[in-house]
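Here is the structure we will look at, set down as structure tokens.
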Amino acid sequence: MRASNPIISVLLFTTLLALQVVNGALVNNFYRRTCPQAERIVQDVTFRLVRSNPRLGAQLLRLQFHDCFVRGCDASILLDTVGTNQSEKEARPNLSLLGFNEIDQIKSEVEKACSGVVSCADILALAARDAVSFPFKNRPRWPVLTGRRDGTISRSSEVSGNIPSPFSDFATLKQIFENKRLNVIDLVILSGGHTLGEAHCGTFSRRLYNFTGKGDADPSLDPRYADFLRTKCPNPADPSITVEMDPRSSRSFDSNYFKILTQHKGLFQSDAALLNDTSSSRLVRSLQNPKVFSFSFASSMLKMAAIEVLTGNNNGEIRKQCRFVN
């Protein structure tokens with residue numbers, strides 16, 4: 001990779017910008033004095049949980065994403081409904097989220113060592129990174145800065161319009177990311193998280209059976225891949241059936257997602273939409289390079305994990321239990 005490569009130059013600039021975004025708000029090893037074993041405990045418990053649930057990396061990465069895009073990275077997604085106020089996890093885009101029980105287990109172990117010190121928001125950020133990094137052993141896929149505090153408000157009514165939909169077009173995706181001070185580069189890079197995990201048939205079945213309301217298929221979807229998906233997903237969609245988001249690579253954190261996009265095998269409309277913009281499409285092709293993807297994902301995760309964070313003693317709290325405010 002040459003330094004004169006414009007894509008690499010942009011990614012280097014993005015990394016510097018990411019560091020500026022988090023500078024002064026989040027720091028490396030925030031708990032080094034108050035709970036020096038915190039990050040090791042999170043990693044040890046997370047690794048143990050991933051051994052019995054290889055899908056946990058995809059689940060926690062998605063959980064963190066859905067948390068940060070509503071009220072910032074404050075663990076509001078983890079709060080249970082209390083009384084008549086429905087929490088974020090009750091909103092339709094969040095009904096299929098998993099990983100809550102695992103975060104509870106990690107938090108419980110951290111509380112045994114340091115009660116009331118480590119936030120659920122930091123635990124979620126660390127656990128998501130560690131779960132994805134597990135196959136790489138001692139090579140974490142991105143840095144996690146800490147110092148977040150937990151929010152005390154969680155409303156299902158605030159989810160709509162903040163979480164990108166699998167049906168979104170490029171303009172909508174771009175606007176949602178811009179609202180969070182993330183750019184098109186971050187949009188494309190973070191979409192690479194779809195290299196992990198599975199999706200329910202209902203999130204893409206319209207592309208197979210009734211794309212324009214006339215019983216047709218989405219012409220931007222590879223016809224042979226569409227035929228394969230129909231063998232997995234009947235019409236109407238069965239909510240219990242899931243398929244890989246990254247065919248034959250859904251448990252490997254790699255750049256294969258960007259390769260299948262150029263083969264028109266992106267599962268969601270929002271995946272296919274990344275090819276509908278010139279700059280976005282160019283970046284998709286650059287990110288097929290494993291080193292470029294690894295470097296750039298780490299940069300954009302730094303930025304995403306710093307969205308509207310609560311820091312300092314006068315903001316938020318440190319929850320004793322991640323499901324409830326103190």
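Any Cβ shown, glycine's included, is placed from N, Cα and C.
It should be emphasised that the depicted structure is a prediction, and the values quoted were computed from it without experimental measurement.
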Disulphide partner cysteine [TrEMBL] for C322, chosen from C120, C201, C233: C120
TrEMBL annotation, disulfide partner among C35, C68, C73 for C114: C35
When distances run from the Cα of C35 (disulfide bond) to each of the recorded positions D67, G72, C201, D254, C322, the nearest one: C322
Between C68 (disulfide bond) and D74 (Ca(2+) 1 binding site), the C-alpha gap once rounded to whole angstrom: 7
Recorded positions listed as V70, C120, least Cβ neighbours within 10 Å: V70
From R62, H66, C114, H194, C233, D254: recorded positions whose CA lies within 10 A of G72 (Ca(2+) 1 binding site): H66
